[in-house]
């Protein structure tokens, strides 16, 4: 099966498993394919030849890297035949009218063509062309059942283990029944996480004549499937799918449902565009077009089916020739004073933790870097505009400003929120737990007067955001009670809305609870591929305590290639906080002594109302474990168990033979210390605490808990193999050097490093929402929340300071008032590279998910390390400045560190390379060199998700001429180095290069298969950026380095422009800049406040292409809260260049 995963059955929902994704499988030939359902394609004028298309795999020969080995597709090898040159194959396909849809590693193209065209190309090129076929009904279930159990019956009626055929059949029947119940439970959990459509959603008023029974039928949910089409279909074809496919689906699944009347509750529903896309107004569609949405030609249907129709319905959808991919449509789930100190200095002392509002704790704020001029895009449950962190007394009736589809307003004059978009199905404002209000506060929350210039002092509070002078673009996707609506079109409207008002950094703390690379992850990748000036931060998820899940727990879309996936760390100083973890230790016992084999962290789900495990397991003495016989403990324990279980924690399996109470009483009677049930769920995420039935009998007084099936089976297996298991509670620190135990861990299913970074997200104080947005006096309430949801906005706010640093000319010298200052607008790729290059290793801290010590990194727990501005951006303020005082007070700055970079690199052909030279080591410490690129979006139905592969190679030449080469993501002393073929981030870490050693940095396009694909996205170049950070001297001699380009032309400034079809560098004369060192201005003042009528009109209009040339200041207003005042930033020292990109005026 193409791209099947080894850890879960890919047949997925067809047999009830949690990993439901339907795709076609390899094999057969064109003649073996089933044709389209004629009921679905009756409108020939609308569909054209789309119904004749089929999917084929064409393999080619291309050197996949510098090693020189030809990369041959597995599909081609299986099918036999010649392997052809990639360019020749592409020419043949495109000239014949075929569409090259995507790349399937290694060296294989997914092609949509008619069988006739595919056959012609195959004959012309000699390339094999296996056909992608739809999955066979129940094939996985049949295979699973036929191979289950031991001792199959032979022809003589006796099993290979001596059992009779009758005995084996009875055992097999019992096993099948248990398997069926387990799959149904897993199916139910999946159904609960899927989006649903009720009949009442379409019928707002059932009317007085509707019977109670009819109303109950109308409430039967239909579950959502996301169907990705081949793309390039006309609006007429999409309309025909909405009109004709429901009837075809109903007939195919054998449903008796009708479109109207009493039988309509289970009539299939097909929606041709998701969310607001179908009815978006012209202005919104222009945004989508400017962002390049749809460039890959993909289109999506949302299909809703009742539970009983899902399995046959998915098979039918996968069989249609225009279908490329089917997956469940899952409901997205929601995933600072001290934190800003930690992010700016790399540590927190006890004194700083005790008094975080004291002056001198934040050197970057004191250096004037507080987010001015930055807009950060956030999507979440809603935003309480009445909170003092966001309130602007010049605006009151926000609801009246909402116009258009989706409903939105733009308020360029607003001090904090420049845009608010309410997507269809969302509720304006924030309710529930105030998740959106809280995360926005972490980004940019600040209470301050409104004076039109934004130069007044903001009020420093415990919850003040990381970039207090940045502003927000907000997408409201909050449903009722803090839930989230499903968003499919992130690359068409959701993210483009942010970009339309100048947001170059986005923060999203939501996503479905699964770790597949799915359509949502692919669309994040697609947006960033088209928009390399944006950096997207996404919460990794909170399933790190599920150490039973295979393939990591970083959920979509944080597992996308181009985003920055954020995990959770602590904000506590060393020694301030600890936590206890329950560990199972395995020993091999002998007369010579016990040998510890392993330590495993357990996170059992405990039953309330009973004693807990810490009442019988201590941190001072280990408690032995055993297992019950019978294994389900549904009857009194057998003598062999009675002899050993007394005083032990006993494992029992789940079964339907008895309730939890009976098991617990049987163990209690045998003298067991506690019962630990092996839950029927494979993963901790779905493991529930055992519920007591309350049946009659002796009171239960032992602890009762459960662990997932995978762990329980593994522990029992070790016990039966003679390993002695002991439980103990062990205390661990919770400090800035440790990863929170529930922070999602990697790697991704294809082996990529995720999460990317760690940011504080435990016990974060930020804004608390109140019900409704009414205007008037603002609220300054705060609340403390924890999660990757909280870590992500803090990381995004820190990235806003990184971007401001570069725009305002702090690069390369660490202060803008220098002759070599090179202010420029960075790409989003460069911002990501800087974040990773400067991440602080958490070596020596604890990964509390598994209670293991962390290495230097990267690793699956810390990613590349903990976010740290001071190790990312050199800061060299004047000795008498507030920033210098902050650096001296924190004692965490290393003045020997230098930064050099290359931005907007671009490749268009495999084999192209760029040589970056001019740097030498100073010999005083380590050097980190990082390459980052935004990759072309991958196919969901493959095992590997890298499309374009670049290589980083660093050559270190010492004074005597001795040279050594280090490949990206290899240890510098590794014996058998090889290029990385998995990640879109590559780092070379040189621990102690000798003084004077020359550094040569080579970036090479090892493989660019995106150039072989069809569509405008494939025509875009491969962009990349490089950062060199550490104990180095010199300048990267490259046109990609602003510090190298700008000093060559006195009186010049730097700006971004198109070079080789991508972004690049140009020199623009600016005589005024050469006359005197300019100062960093505050954001330009706003126009005079219009009347309320004109304000509403201006707020809902599209932004002008360029900001007005002049503005006058608004009268100052009073601050909306009173708290200790923050110091004003120092006088600005350099002028940032005008940003040529249209943005919401400041």
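Backbone N, Cα and C atoms are what each Cβ position is placed from, and that goes for glycine too.
The region 'Disordered' annotation in TrEMBL covers 129-186 (among others).
Among the features that TrEMBL reports, compositional bias 'Low complexity' is placed at 138-172 (among others).
Marked as compositional bias 'Polar residues' by TrEMBL: 200-212.
Residues annotated as region 'Disordered' in TrEMBL: 200-223 (among others).
According to TrEMBL, the feature domain 'Peptidase S8/S53' maps to 371-865.
The Cβ of residue 380 (active site, charge relay system) lies under 8 Å from the Cβ of 334, 435, 436, 439, 440, 474, 475, 476, 477, 478, 484, 508, 509, 510, each of which sits 6+ residues away along the same chain. Marked as active site, charge relay system by TrEMBL: 380 (among others).
Cβ neighbour count for residue 435 (active site, charge relay system): 25 (other Cβ atoms within 10 Å of its Cβ, all protein chains included). According to TrEMBL, the active site, charge relay system annotation covers 435 (among others).
The annotation domain 'PA' is assigned in TrEMBL to 632-711.
The active site, charge relay system feature in TrEMBL is assigned to 789 (among others).
If you look up TrEMBL, you'll see 1076-1146 (among others) marked as region 'Disordered'.
The feature compositional bias 'Pro residues' is assigned by TrEMBL to 1078-1087.
Under the heading compositional bias 'Low complexity', TrEMBL lists 1088-1102 (among others).
According to TrEMBL, the compositional bias 'Low complexity' annotation covers 1113-1125 (among others).
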When DSSP states are grouped into helix, strand and coil, how many residues of the domain 'PA' (632-711) land in each? 20 helix, 14 strand, 46 coil
Restricting to the domain 'PA' (632-711), report the mean pLDDT as a whole number. 90
State the count of C-beta atoms found within 10 angstroms of the C-beta of residue 789 (active site, charge relay system), not counting that atom itself. 28
